[in-house]
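Below is one structure; the comments refer to it alone.
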Amino acid sequence: MLETRKLESSIAGTQILRGADLVLAPGRTVGLIGRNGAGKTTFMRSVMGLLRPDGGEILIDGTDMTREPAHTRAAMGVGYMPEDRRLIPEFTVEQNILLPLNALGEDIDRSRLDWIYELMPEIGRFADRRALALSGGQQKLVALGRALIVGRKLLLLDEPFEGVAPALAQRLIEVIGVLRGEGLSVLLSESDHVHSADLVDGLYVIERGEIEKKAAETA
Amino acid sequence: QDGDPIELGIPVFLSGAASGPFGLPQQNGATVLIEALNAGEVPAPYDQVGINGRQVEATYVDEAADPVQEYRNLVERDEVDAVVGYTSSGNCKAVAPLAEELQQLTVLVDCGTPQIFESVVTDPTYLFRTGPTGTIDSVGAVRYLMDTGVDMSRVAGINQNYAWGQDAWADFTGSLEALETGSDITTEQFPQVFAGQYGAEVSALLTSGANAIHTSFWGGDLEAFILQAAPRGLFQRSAVVMTTGEAAMQRLPDEIPEGAIIGARGPYSYFAPDTELANWFRETYEAEYGNPPSYPAWKMAQAILGLKAAWEKADSDDPAEIAAAFENLEFETPAGTVRMAIGNGHQAIQGIAYGTYALDDEGNPTVENVISYNAECVNPPADQTAAEWIEAGFPGADCE
Amino acid sequence: MMKTDFRREPLYIAILAVLLIVGFFLPSWLRFLLQTALAGGLVALGVALQMRAGLVNFGQGLYYALGGYAVGMLAAQAGITDIFILLIAAVLVSTVAGIVLGLLLSRYREIFYAMLSLAVSMILYGLLVKAAWLGSTDGFNIPPVSYLGWTPDRAVRPDIYYVTTAVLTVIACLATARYLTSGAGMLCEAVAENEIRLEYLGASPRKVAFIVIVVASALSGLGGGLLAMSTGHVDPLMTNWTTSGGFVFVALLAGRGSTIAPVIGFFLLELVRTYALDLAPNAWQMILGLVMLAVILLLPEGLWSLIERRRKA
Amino acid sequence: MSDPILVTENLEKRFGGVVAASEISLSLYPGETLAVIGSNGAGKTTFVNMVTGYLKPSSGTIRFRGRDITGSSPRKTAQAGIRRSFQISQIFPQLTVLENVMIAEIAAADGKGGLRRAALTDARMQTGRAVLDRFGLGQHSDTAVGTLPQGIKKQLDIAMAAINDPALILLDEPTSGVSSDEKIEMMERVIAPLKADDATLLFIEHDMDIVTRFAERTVAFYEGKILADGPTREVLSEDDVRKYVIGGVHA
Amino acid sequence: MLKFTAIMLDGMNYAAWLFLVAVGLTLIYGVMRILNIAHGAFYAIGAYVCASALGVFYAAGLPGALAFAVMGVVALIAGVIVGLVVERGVLRFLYGRDEVLMVLVTYALFLILEDAVKLIWGVESYFVYQPYAYFGFVEIGGLPYQVYDLMIVALAIVMGIALWFWLERSRMGRMTTAVVADREISAAMGINVTRIFATTFAIGTVFAVIGGVVTAPKIAVTPGIGVEVIILAFAVVVIGGLGSIPGAAIGAIFAGYARAMSVHLAPAYELFAIYAVMAVVLAIRPHGLFARASGRKI
Ligand SMILES: Nc1ncnc2c1ncn2[C@@H]1O[C@H](COP(=O)(O)OP(=O)(O)OP(=O)(O)O)[C@@H](O)[C@H]1O
Ligand SMILES: Nc1ncnc2c1ncn2[C@@H]1O[C@H](COP(=O)(O)OP(=O)(O)OP(=O)(O)O)[C@@H](O)[C@H]1O
Ligand SMILES: CC(C)C[C@H](N)C(=O)O
Ligand SMILES: [Mg+2]
Ligand SMILES: [Mg+2]
C-alpha cells in the first residue's frame with residue numbers, strides 16, 4: 001500500500017531523512033517508533049507531499065507519488081492526522097471532518113460520518129461547535145475523524161495518542177484494530193510503542209532519519 | 001569653452017497625472033524650439049544660431065521625483081549651464097533658495113505662486129520666472145465675469161486642496177470683494193489633488209445654486225471634472241470659468257460645453273497675438289506633433305527665449321553677467337512682449353485674456369468673446385505683494 | 001534571528017565614521033545625497049526598530065514631519081535659528097507625539113498597527129495641507145541655522161551641515177544600539193514572536209511596544225529635523241503614506257543586522273533612484289521596482305546579510 | 001498543615017452554552033505536588049487558564065497566598081509568583097534556545113530593569129546556561145527553537161516557566177509529545193529543583209505512570225467538575241475515575 | 001432636503017466605486033495574506049484597457065449600447081490575464097514569506113506595472129467619455145444624476161452578492177476558507193491550493209480591473225490614477241475587517257458617506273474624512289468591524 005525507497009528529505013538545508021525505507025502491505029497496521037526529533041513527522045509529511053523529498057521514491061498503492069502535489073493523496077483514499085491537530089478554527093467540528101470530502105467534491109457519505117461519531121461519541125456530541133474552542137484532546141479526536149472519513153485505504157496517524165486521556169486512548173486502539181479488520185492500512189507514529197504494542201503487525205524504528213525494521217510483518 | 005554646447009537642465013513632469021497635459025507639451029515645446037535655435041531657423045529677433053552662437057543641449061529630468069535632490073544633481077553632478085523648468089509651485093518654492101545658494105542660473109517656467117519673489121527669495125540674483133504669477137488668473141477671471149455681465153450674486157468655487165488651488169480661490173474671492181460684486185459664496189469645494197472622482201463635488205455645486213463657478217483645476221483633474229460635470233448640466237446651470245481651461249481644449253473638444261469660460265494663464269495659444277513669432281511657433285510645433293501647442297508649450301518656449309535674450313544681451317558666458325542682463329529685461333516671445341517688471345526685475349508680468357469656448361465652422365475648438373487685460377491691469381506694482389494689492393482694491397491698476 | 005550580543009555595535013559605528021571621512025572626498029551632489037540618507041536613515045532605523053517588535057509602521061512619516069516642522073516653524077516663524085535648540089525641539093515634539101500616540105498604538109499589532117498609524121499620519125497630512133499659514137502643500141523654506149550664535153558663511157555651510165548630520169547620526173545609532181541591549185530593547189523580538197509567553201513571564205508586551213514606539217519617534221523626529229535643515233525646506237509630503245512606505249521599504253531591505261544598516265540602505269536606494277532617473281526618466285520606477293524584487297528574491301535577509309555572510313566566510 | 005497557597009472557591013466558567021468548568025473548589029498547599037487528570041475536554045486547561053488570569057471565571061474566587069487574584073492578568077499573576085507551561089508549547093520560535101531562556105530572565109526582571117542598563121549581563125548568561133543544562137537542553141542552546149521537535153519545545157517551555165523561582169508552577173501536560181523513555185527523566189529534572197525551593201507544583205497529565213510516580217495527590221476532572229480529590233493511589237482506584245478517565249487496563 | 005438627497009446619492013455612488021476596488025483587495029488578502037499594492041496598478045490597467053478597447057470600438061463606428069458589452073468582456077479578459085501573469089509569474093515563488101515582505105513585493109510590482117503602463121500607453125491621457133453620457137441623467141429630487149453612476153451602484157451590489165454567495169455557499173468557497181486558515185493541512189486534505197490561489201488572485205484582479213473599466217469613462221485616463229485608489233481601498237478594507245466581504249461593503253459605505261457628508265457639509269475636511277473614520281473605527285474596534293475568528297492558542 002505504501003512503500004518508500006531511499007527517501008531523503010531536508011528542512012531549511014538540514015537533511016532530516018537519510019534514505020528511509022519502509023513497506024506497508026495492504027490491510028496492515030505498522031508502527032513507526034522514534035524519539036523526539038527522530039524524523040517521524042518529517043517522514044509523514046514527506047509521504048503526504050507536504051515536504052518535497054530530495055531523493056528516493058514514494059509509492060502509494062503502487063503509484064509513484066514522489067513528485068505529485070500534496071492534494072492528490074486524498075483522492076487516493078489517504079487520510080492524514082497531523083500531530084498538531086490543525087483544524088480550521090471557523091469551521092464546525094462536522095465541517096472539519098467533512099472537509100476532505102468537500103475538497104474532492106464527493107457526496108457526503110452520511111453513514112461513514114455516523115460511523116465516526118459512533119467510534120468517538122465525544123465528537124458526535126459537539127458536532128456543530130466551532131473547532132476554535134475545543135480542548136487539545138478534543139481537537140485531536142476531530143483530526144482523527146477527519147483522517148478517517150477519507151482514509152479508505154491508508155491512514156497516516158502522527159502520534160495519535162498523545163494528549164488523549166487513557167480511557168479514550170484505549171478505545172481508539174480498539175477502533176484502529178477494527179479498521180485493520182476492514183482492510184485499511186495504517187501507519188502510526190509514536191515515541192514508544194506503549195499504546196500500539198498489541199495493535200501493530202509490524203514495527204519500524206526511526207532514528208536520525210534512518211528507518212530500521214524491528215519486527216517483521218507477519219504477512 | 002566657446003565652441004561647447006550650452007547644457008540646459010529641464011525638469012518637467014515625466015510621470016504622474018501632470019505628465020500628459022503639462023510635461024509632454026513642455027518637453028515638446030522645448031525640443032522644437034531648441035532644434036530650430038540650433039539650426040538658426042527661429043524668426044527675428046531670435047535668428048542668431050543657438051544661444052549666443054553656441055549650440056544648445058537639453059537634459060530632461062522628472063519633476064515628479066525629489067525636486068531638491070534632482071536639482072542638485074543637475075547642478076553639481078551634470079553641471080548644466082542653466083536650469084529651465086518646473087510647473088508645480090511646491091517644487092519652485094523648494095528649489096528657489098537653492099538656486100541662489102548654488103549660484104545657478106535658473107528660470108522657472110509655469111509655477112504660479114507669487115510667493116517666490118515676495119517671500120521665498122526676496123533678494124534674487126540668479127533666479128528668474130518668465131511666466132506670470134497666478135494672480136493674473138484670478139483677477140482676470142473676476143474682471144471678465146463682470147465685463148461680460150455674468151450674474152455674480154451667488155458664486156461657488158472648486159479648487160484643488162493644495163497651495164495652488166487655495167491661493168487661486170483666495171485671490172478670486174479677494175478680487176470679488178475688491179470689485180464689490182456683493183457675491184454670496186455658496187460653497188467652496190477643495191477636493192484632494194488627483195482625486196479624479198468629483199461626483200459628490202459636482203452634486204454640491206449643482207445643489208448650491210451658484211450663478212458663477214470658479215475653478216483653477218488643471219491637467220487630468222480638470223479633464224475629469226469636465227467629463228463628470230458637463231453631462232449633469234452644470235455648465236447650463238452656471239457660468240463656469242476654468243482658469244487653465246485652454247490646456248484641455250485640444251484634448252476634449254467635444255466635451256467642453258460651448259460657452260464655458262476659458263483661460264490660458266496668460267496670452268498664449270488662442271489668446272496669443274498674431275505675430276510672425278507666434279505663428280512660426282504654432283506652425284512648427286503642429287508640423288512636428290500633429291496638434292497645436294497648448295499653453296504649457298508656449299510658456300516653455302517663452303522661458304528659453306528669455307534666457308537666450310538675456311544671454312545674448314550680456315554677450316558673455318558668465319552667469320553673473322547673464323543674470324544682470326536678465327534683470328528688468330524686456331523680450332519678445334510668441335506671446336508678445338514680456339517684461340521682467342516685478343520681483344526686483346526677476347518676475348515677468350504679462351496680460352491675461354479670457355474667452356468663451358466654441359467650435360468653429362469646421363468643428364475645431366476655438367474661443368470667442370475674448371477680452372484681454374493688459375499686464376498693468378492684473379499685476380501688482382513692483383512695490384506691493386499680490387495679496388496687499390488685491391486687499392487694497394487694485395491701486396494703480398491700469399486697465400485701459 | 002536575534003543578534004543577542006550588541007556589544008559589537010561600536011565596530012559598525014567605526015565603519016560609519018570611515019564613511020564620514022570618505023564623505024569629504026565625494027562630489028558635493030553625492031555627499032548631499034549621503035547627508036539626506038543619513039537623516040532619512042534615522043527614520044528608517046526607527047521603522048526597523050519597531051519591526052523587531054513585529055510592528056510595521058506605515059505612518060512613521062508623521063514623526064519625521066513633526067521634527068521637520070518643529071525646526072521649520074521655530075526657524076522660519078519664531079526666528080530661533082540655533083541648531084541645538086532646533087534639534088532638541090524636533091526631538092521633543094516628535095517624542096511627545098510618540099508618547100501620546102504610543103499610548104493608543106501600543107495595543108495594536110500587525111496590519112492594524114500599520115493601518116492605524118497610517119491613518120493618523122494621513123490626518124496630519126490633511127491638516128498640514130489645509131494650513132495655509134504653513135504654506136499648505138508647498139510647505140515652506142527654512143533659513144540657515146546658527147551654531148551658538150555663529151552663522152556660518154555660505155561657502156562652508158554645506159560642510160558644517162554635513163558634519164553635524166553625520167555626528168548626530170552616529171550618536172543616535174550608538175544610543176539606539178545601547179537601547180537594544182537594554183531590557184526593553186531585548187524584549188522587542190519577544191513581542192513579535194509570542195506575546196502570550198511574554199505576558200506569562202511577567203513582562204508587559206504593551207510597555208515594550210510603547211517604549212519602542214517612543215524611541216522610534218525620537219529618532220524620526222531627529223531625522224526630520226536634520227533633513228529640514230539640510231534641504232532648507234519642509235512640506236506635508238513628509239507625512240504622506242508614500243514617504244512612510246519608503247522608510248518601511250528601506251528598513252526591510254537593509255535588514256536588521258545593525259543599527260546603521262538602514263542608513264546605508266537608504267543611501268543605496270537613493271543612489272539607485274538617482275541613476276535610474278538619469279538612465280531612463282520614463283522608466284525609473286520600473287528599474288527601482290526590479291531592483292527591489294531582485295533584492296527581495298536574492299537577499300531574503302536584507303542587504304546587511306551580504307556583510308554578515310562575508311564575515312562568516 | 002500550613003495555610004494553602006492557592007484556594008479556588010466554586011470556580012465556574014461558561015462559554016455561551018458550554019460549561020467548561022463548574023464548582024471547582026480546590027486548595028493547594030505549599031510544597032505539594034499535585035496531578036490533575038481527566039478526560040478530554042474535562043476542564044483541566046480551563047482551570048489553569050482561570051488561575052493564571054488568561055480566562056476570567058464566570059463566578060467564584062481565586063486566592064493566592066491569601067490575596068484575591070480573581071481576574072487579574074497573566075502578567076500580574078506571573079509577577080505574583082505563579083508560572084505555567086502550556087499544552088501547546090509557547091515559545092519564541094525564531095530565537096535560539098538560549099535566547100529564549102535569556103528573554104525569560106529579562107522579562108522576569110522587566111519591572112526593575114527597563115531602559116537603563118544592558119540586559120544581557122554575564123551573570124544572566126550563566127544562569128541561562130545553567131538552566132538549559134538542568135533541563136538537558138544544553139546541546140541545543142544555539143539552535144533556532146522553531147526547528148526543534150515538539151518534545152524539545154515542550155521542555156523549553158517548561159524551562160522558561162521555571163525561571164526566577166516561582167512559588168507556584170502549573171504545567172499543562174508537560175510530558176505529552178515527549179518520548180516515553182524520557183518522560184520520567186524529564187519530570188525528575190523539573191521537579192527536583194522546584195522541590196528544593198519548596199515550590200508548589202500542579203501538573204496536568206494523561207500518563208498514569210507519571211501521575212503515580214510524581215504526585216502525592218491527584219484531582220480528577222470530568223465534564224467540568226471535580227470527580228475525585230485525594231491521595232493519588234486512592235483517586236486512581238476509584239471506580240468513576242477508572243471508568244471515565246483511566247479506562248480498564250492501568251492500575 | 002436637496003442636500004440630503006445629494007448626500008444619500010453621492011455617498012452610495014462613492015461607496016459602490018470603493019467597494020468594487022476594495023473587495024478584490026480584501027479577497028486576496030483574506031485568502032493569500034497578501035496586501036496587494038499592485039491592486040492599484042490593476043485598476044489603472046483596467047482603465048487603460050477600457051480606453052483602448054472603446055477607442056477601437058468607436059472608431060469602428062459600432063452602435064453605442066454594445067460598448068457596455070465590450071467593457072464587460074475586456075474587464076474579464078484583462079483581469080484574468082493580468083492576475084494569472086502576476087500570480088504565476090512572480091507571487092507563487094514567494095508564498096510563505098513574511099507578510100510585510102509581500103507588501104513590498106507587491107509595491108515593487110506596482111512600480112513596474114505603472115511604468116509598463118506608461119511604456120505601452122504613453123503619458124498622454126485617454127478619453128472615452130461616451131458611455132458616461134450614454135444613458136443621460138435623471139432628476140432625483142431636483143438633482144440631476146447620471147444613470148451611469150446609478151448603474152455602477154447596481155453593478156457593485158450584484159457583484160458583491162455574487163462573490164459573497166460564491167464564498168459562502170459554494171464548495172469552492174468553503175475550501176477557500178480552509179485554505180485561508182491553513183494552507184498545508186488543506187493541501188493534505190485534498191484541496192488544490194495552487195488552483196485556489198490562482199483563482200482567487202484572478203478574481204480579485206478582475207474586480208480591480210472592473211473598477212478601472214467602469215471609471216475610465218468618467219476621468220482622464222492618465223498615469224498615476226492607481227496611486228490614490230489603493231490607499232483608499234486599504235482604508236475601506238481595514239474599516240470593514242480584513243478578509244471580510246460584508247466588511248468591505250460596510251467599510252465602503254462608511255467611507256463613501258464620510259466623504260459625501262464632508263463634501264456637502266464641511267468641504268474643508270474632505271481630505272482626511274476617510275482616515276478619520278478609519279482611525280475612529282480602529283480605536284473602537286481594533287480589528288475592524290468584521291474581525292475574523294482565530295483559533296484557540298493555549
Ligand atoms: N524548520 C526546521 N529547520 C531545521 N530543522 C528542522 C526543522 N523542523 C524540524 N527540524 C528537525 O528535523 C528533525 C526531525 O523532526 P520531526 O519533527 O520529524 O521529529 P519527530 O520524530 O516527529 O519528533 P517528535 O516526537 O518530537 O514529534 C528534528 O531533529 C528537528 O530538529
Ligand atoms: N474559548 C472557549 N470557547 C468555548 N468553549 C471552550 C473554550 N475553551 C474551552 N472550551 C470548552 O471547555 C471545555 C473544557 O476545555 P479544556 O481545554 O479545559 O479541557 P481539558 O480538560 O484541558 O481537555 P484536554 O485534556 O483535551 O486538554 C471543552 O469542552 C472545551 O471545548
Ligand atoms: C496650473 C498649474 C500648472 C500651476 C501649478 N500647479 C502651480 O502650482 O503653480
Ligand atoms: Mg513529530
Ligand atoms: Mg487541556
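Cβ from N, Cα, C; glycine included.
Residues or ranges marked as transmembrane segment by TrEMBL: E:14-35 (among others). When Cβ-Cβ distances below 8 Å are used as the criterion, the transmembrane segment (E:14-35) is approached by residues 42-43, 91, 95, 99, 102-103, 106, 152-153, 155-157, 159-160, 163, 176, 179-180, 196-197, 200-201, 203-208, 210-211, 214-215, 229-230, 232-234, 236-237, 240, 242-245, 247-249, 251-253, 255-257, 259-260, 292 of the same chain, each at least six residues removed from its ends.
According to TrEMBL, the feature transmembrane segment maps to E:42-60 (among others).
Taking Cβ pairs closer than 8 Å, the transmembrane segment (E:66-87) reaches residues 38, 42, 45-46, 49-50, 53-54, 57-58, 109, 130-131, 134, 197-198, 201-210, 213-214 in its own chain, all 6 or more past its ends. Per TrEMBL, transmembrane segment is recorded for E:66-87 (among others).
Sequence-distant contacts of the transmembrane segment (E:99-123), counting only residues of its own chain at least 6 positions beyond either end whose CB sits under 8 Å from a CB of the stretch, comprise 33-42, 44-45, 48, 51-52, 86, 90-91, 222-224, 226, 230. TrEMBL lists E:99-123 (among others) with the feature transmembrane segment.
Among the features that TrEMBL reports, transmembrane segment is placed at E:143-167 (among others). Residues of the same chain lying 6 or more positions beyond the ends of the transmembrane segment (E:143-167) and with a Cβ under 8 Å from any Cβ of it are 2, 5-6, 9, 12-13, 15-17, 19-20, 23, 27, 131-137, 173, 176-177, 203, 207, 210, 214, 217-218, 245-246, 248-249.
Per TrEMBL, the feature transmembrane segment maps to E:196-217 (among others).
Annotation source TrEMBL lists transmembrane segment at E:229-254 (among others). Within the chain, the transmembrane segment (E:229-254) has long-range Cβ neighbours (under 8 A, six or more residues past its boundaries) at 11-12, 15-16, 18-19, 21-23, 25-27, 29-31, 35, 37, 39-40, 43-44, 110, 160, 163-164, 167, 180, 211, 274-275, 277-278, 281-282, 287-292.
Annotation source TrEMBL lists transmembrane segment at E:266-284 (among others).
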